[in-house]
Amino acid sequence: WKGTFVFAALSIMQIHFNSINGDETQHFLYLKFRFATWRDTLMMVVGSLCALIHGSASPLMLLVYSMMTNTFVTYELEVQELKDPNKECINNTIHWTNGSIYETTDNTTVSCGVDIEAQMTMFAYYYIGIGLGVLIVSYFQIVFWVSAAARQTQKIRKTYFRKVMQMEIGWFDCNSVGELNTRISDDINKINNAIADQVSIFIERISTFVFGFMVGFIGGWKLTLVVIAVSPLIGIAAGLMAMAVARLTGRELTAYAKAGAVADEVLSSIRTVAAFGGEEREAERYDRNLIEAQNWGVKKGSIIGVFQGYLWCIIFLCYALAFWYGSKLVIDTKELTPGSLIQVFFGVLMAAMNLGQASPCLEAFASGRAAAKTIFETIDREPEINCFSDDGHKLDKVKGDLEFHNITFFYPSRPDVKILDNLNMQIKAGETTAFVGPSGSGKSTTIQLIQRFYDAEEGTVYLDGHDIRTLNIQWLRSLIGIVEQEPVLFATTIAENIRYGRPGVTTEEIIQAAKEANAYNFVMTLPQEFDTLVGEGGGQMSGGQKQRIAIARALIRNPKILLLDMATSALDNESEAVVQEALDNVRAGRTTISIAHRLSTIRNADVIVGFEHGRAVERGTHSELLEKQGVYFTLVTLQNQGSSNTPNGKTFEGYDYALSGTRLGFIQICQQVTEEGPEEHEEPAPVARILKYNRPEWPYMLLGSLGAAVNGSVNPIYAVLFSQILGTFAVQDLNQQREEINGICILFCIVAVISFFSQFLQGYAFAKSGELLTRRLRKVGFQAMLRQEIGWFDDPRNSPGALTTRLATDASMVQGATGSQIGMIVNSLTNIGASFIIAFYFSWKLTLVIMCFLPLIGLSGVFQAKMLTGFANEDKKSMEAAGQVSSEALGNIRTIAGLAKERSFVESYEQKLELPFKSAKKRANIYGLCFGFAQCVIFMAYAASFRYGGYLVRVEGLPYMLVFRVISAIVISGMALGRASSFTPDYAKAKIAAAQFFQLLDRVPKISINHTDGQKWEIFKGEIEFLNCKFTYPTRPDIQVLSGLVVSVKPGQTLAFVGSSGCGKSTSVQLLERFYDPDEGQVLIDGHPCHTVNVPFLRSQIGIVSQEPVLFDCSIAENIQYGDNTRTVAMEEVVEAAKKAHLHDFVMGLPNKYETQVGAQGSQLSRGQKQRIAIARAIVRNPKILLLDEATSALDTESEQTVQSALDEARKGRTCIVIAHRLSTIQNADIIAVMSQGVVIEQGTHGKLMAKKGAYYKLVTTGAPIS
C-alpha cells in the first residue's frame, strides 16, 4: 500500500549498481564525502548503525504478528470444539465430559486453555518495546546524518565560491553567470540531499529488505521462493516506468522550454512588440510551441497509467498465487502454520516494497553525484591566473612604462577569432596615450591585458621592463585605476562604493576623491548624501552620476596607471564636460590610456595610437597623424563632416535613460519594498472558477473520477479478502476450507484485472484534461500580459524573468488543483469511506478504539510524504541573502577583479552562510524527533488495538478474523488519509497560484489595446501637439519627468529634441506611442486627444528606431517583416526597405542572405547592422510618423555615416521626431526644441537659435550646462 514503487526496482537497483561498479564506487564515495572531518565521519557511522537497527524493526514485528495469528487460530479452534457441551478443558487438553481424552479423526489430541488476554497483553508489550526502540534509533539516525551533511555542505559552498572567485576572467567568458549561480544554489543543494537524510533512509530500507527476506526464509523457504519468482515482473515494470517517465518529462520540458524562450524574448522586448503591434502574432507563436509540450504531457500521463495499472494487476495476481500455494502448505503438507504463512508473505512483501522505496534515494544519489562532479571539477581546477596567490614580485618603485611585445591574442570563448595580431607598442610613463580605431580593432582588449585579466597566447606585456606575468597580481591591479564605458556599482551606499577602491580609507579621503571626480556636489544634493543606496547595478543613478562615482573609486586608489575605456561616451554634453574636466585634472603625472570615439576627448592626448585589425598601425600627436592620412585621418574627417561649423569639433551627445527600460529592471531596492506589499495576501481563487477553465474537458474529468473511485475501493476490498483467508484456517472441514480459499483467490484475480483498467483510465483522462487546461491557461495568461500597458512592466514584480516563471509554474500549479488532484481526492475519499463502512459494520467498538490513533497515523503519513520531498524548500529561503552576494559578485566579476576585491566578497559570502547553517543544525533535531514519532506511531496503534481485540474475542465472542479485518481496514485508510493530506500543500499552492493568475486576467489595463476601442480616421496626416503635459513614471512617482511640456510639429516636419540626460526627451516619445498617458495635459494627434484614439491604429502610423534596437531571435527577413504585423510582408518589400536602409549589400554578403539568424537579441550582428535592420523594419511599416531615439549614438563614426544617410532617406515626406544626439544629425531639423527639467526652454531652427545666443548657442559653442 505504499505508493507506486511497490516491489519496484529490483531492476532499477541492478541498473544503478552496474553503473556505479568498481572503481567508480570508491570515486563516488570519495567525491561525496571528501569534505568530511573525522567528527562528521563518526556521526555518519553511528547514524548508519541506527538506521540498520531501525530497518530491522518491521520484520521483527512480523515475528510477533505471526505468533499472534497462531494464538488467535488455536483459540478459535478451541472455542469451536468446546461448543459441544460434552467436551471440557482439563490440564490444557480437551477431554470428554466423562474424563477420557478427546482425539480427532487422525488420533491427535487437541490442546486448549489459551488465556487469550494474557497472551495479547504480552504481545502488546512487545509492540511497545519495538516502538520505543524505533523512536530512539530513528531520531539519532536522522540527526547525525543531517547535521553531518549540513557541515559538509557548508564547507563545499565556501570552497566552491572561493575557487570561483579565483578563476581567471577567461573562465567566466566560457561559463555563464546564470549557470554559476544555479550551480551555487541548486547543485550544492543536490549534493546536500544526496549526503543527508536520504543516505540513512536508504540504509534503513535496504536493511528492512534484507531482514524481511530473512524472516521470510525462517518462516518457510518454499513459499518465499515462489513469491520471489514473481517479483522481477514488478521490478521490470517499475524500472521501465521510471525510464519512460524520465524520457517523456525531458521531452515535455524541452518542448516547453521553447515556448518559455519565446515568452521571455517577447516580454523582455515588450516596448518593441507594442510599438510594432506584434501582440497577436507573438501569442500565436507562443501557442504553437505549447502544443508540442501538451502532447508529450498526455503521452506521459497515459504511460504512467498503463504502468500503474500493470503494477497493481501483478500485485493482486501475486497475492492470489501466494495465498493459494501457501494455504496448500498449511492444509495439505502442514509445513506452515497460519502464522508463518503471514510471516513469509508479509516478510517478502515488505522486503520488496522497501527495495522499491529505496529507489528514489538512488535518484537523489545519482543527481547528487552528477552535481558533485561539476562542482568538484571546478574546485579542483587550477586557475590560469590566480588572483589569491602571493607569488610574484612587487616592485619597490613603479614608473609606469608599459610595452607590448609581439602580442597575439584570442578570447578563450571564441578561439577562432584573432583579436590582437602581433601587436607592438610602447606607452611612456606619465603620458596620456589615446587609442582610436573602429569597433572590434582590439582597443579594449589591450586594456584587459594590462590588467592581466587574460594572458596573451604569444608575446609579453612589460611594466617597467618586467614581464607582468612575473609580478604579483593583487599588487599589479592595485596600481591600476579603471573607468569603464558602463561602470558597475555595487548595491550598497555611495561611500561604500568609493571605498571599494582601496581598503581602509577615511571619510575625508572619500570626500576628497568625490570632489576630484566632480561628484561631490551632486552627492550632497541627495537626501542621504554619501549614504544614499545606488540600487542594484547602480540603477538609481543616472549615467553621468554613475560615471563620476566610478571615477572617484578609481582615484581613491591613487593609481599609477589610469585606464579610461570610453569613460565619457555614455554621457550627454553637460555631464561629459564635467566628467572630462575631472579626468583631465587627475591625469597629471600618471600613465593614462584613454579609448574614445569622440575626438574632443582625444585631442589633448600626448600620443595617439591608431588601431586596425588588432595591430597598432600608427602613433603620434594629433597633428602628426593628420599628416599621415591613415586610420586616424579617416576617423577625423568623417566626424568633422558633420561638425565642421562647430568650434573645436565638439560633438554633441544626448544619452537618455528613460528609454533603456533596462534601468527599471534593476531597481531591486524598490522591489524589496513592494514585494512585502500586496503580494502576500492573495485570496485563494475559488475552485469553481478554475474548473470553469477546464469545462470543455468534463467528459475526461468524469471518466477519470470514475477510475479513481474504483481505485480507491481496491484497498478496503483487499482488507476484506485478506482477513477472510485467515478466517478459513479456523474452518474444521478441510474440503470446505479449500473451496473457500479457491474462491478468494479467484476474487483476487478479478480485482487485479479491474484495477488495471481503472488505473489506466484515471492516468490518461486526468493527464489529457490537465494538459489541455495548462495550455489554455498559459495562452490566456500570456495574452493577458501582452494586453497590459507598458507602465505595468516597469514594476520590478513584473520583470520578464518573473513573468516567464509565472507562466511556467503558475499554470502547471493550477493544473495541480484540477486533474490529478481531483483524482487523488476521489481516490482517498472512496478509500476512507469504504474502509470505515467495513470497519463499523463488523465491529464498531474496536473501530472506535483504533480511531483514536487515526490522527496520529495520518500525521505520520503526512510526514512520510514530507520526508520524500525533503526539507529542501526551507533551505532555499535561508540561502537567499548569500545568493544575492554571490550573484552580484559573479555578475560584476571584471569590476571586482579590477579592484582586486575578490577577498572581501568571499568573506561577505561566508558570513552570510552562517545563519542558514545554524538553522539547518536546529532543524536537524526537530526533523529527527518528528521522523521518530512518525515511525513509532503505528507500533503503538497495533499494541492498543490487538490488546483490545483480544478482550473482545474472549468476552463478546467476536470472530478473530473480524479483528484483523477491522484493524487492517482502518490502518489502510489511515495511510490513504496521510497520502491525501500530503497533497494539500500542493492544493493550497495551486489555489494561490490560480489567484495570482486570475488577478492578472482580471486586471484592466490603463491603456486598452483593443481593436474596437477609440477612434480611427481615414486620412492620417501626422500632426502632433503636446499641450502642457506633466508626467511621472509609475515606478518613481516622486520624480517629475515632464513638467508642462508644450511643443507641436506639423505634418512632414522634423522636430529635434535636445537636452541633458533625464530631461524627458525619450519620455515624450513614449507618451506619443501611448506607452504611458500624461498625468495632466494632452497629446493631440491630428487634433484628436491621444487617449481617445484607437491604440493599434495610432501605433500602426508610427515607426520607431531606438538607441538599442531590439531584434527577435529569428531571421533577418522575419525581423524586417515584423515592421507590419497586420499583413504578410512580401520579400520584394523587405529587399526594397533593406536597400533604403543601406543594409542590402551587407546582407547579400552573408552566407544565408536574408535567412541568416540574428541570434538572441541580435547578438550575431554588430550594432550598426542591428541599427540598420531596425531602420528597415520601420520603413516597411511605411509610417506617417518616424521616431528616431538616438538612433546613431552607439556607433563609431564609419557606421554612423551609413546609418545616418539611411535615416535621412527614411525621413522624406514623414513627420519626424529626432532625439538629438550629435549636432550633425539635427542642424537641418525644422524645429529644434531644447529641453531642461521636463519643459522646452527654447525652440526654433538651428539658425534662429544660434542667433538668439541662448541655451542652444551655449550648448553648441561651449558645451556648458543648460541652466
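In case you wondered, yes, glycine gets a Cβ from its N, Cα and C as well.
It should be emphasised that the depicted structure is a prediction, and the values quoted were computed from it without experimental measurement.
Segment annotation: TrEMBL labels transmembrane segment over residues 199-219 (candidates 199-219, 346-366).
Mean model confidence of the domain 'ABC transporter' (402-638) amounts to 77 (pLDDT, 0 to 100 scale). Taking Cβ pairs closer than 8 Å, the transmembrane segment (309-327) reaches residues 4, 6-8, 223, 226-227, 230-231, 233-234, 237-238, 241, 336, 341, 344-345, 711, 714, 718, 721-722, 725, 728-729, 737-738, 741-742, 744-746, 748-749, 751-753, 755-760, 763 in its own chain, all 6 or more past its ends. Here the transmembrane segment (957-977) has Cβ contacts under 8 Å with residues 1-2, 72-73, 75-76, 79, 712, 715-716, 718-720, 722-724, 726-727, 730, 827-828, 831-832, 835-836, 838-839, 842-843, 846-847, 850-851, 853-854, 857-858, 861, 938, 941-942, 945-946, 949-950 of the same chain, all six or more residues outside its ends.
Tertiary proximity for the transmembrane segment (926-945) is limited to same-chain residues at least six positions away from its ends with a CB under 8 Å from its CB atoms, namely 54, 57, 61, 123-125, 127-128, 130-132, 134-136, 138-143, 146, 197, 846, 849-850, 852-853, 856-857, 859-860, 863-864, 867, 871, 967, 971.
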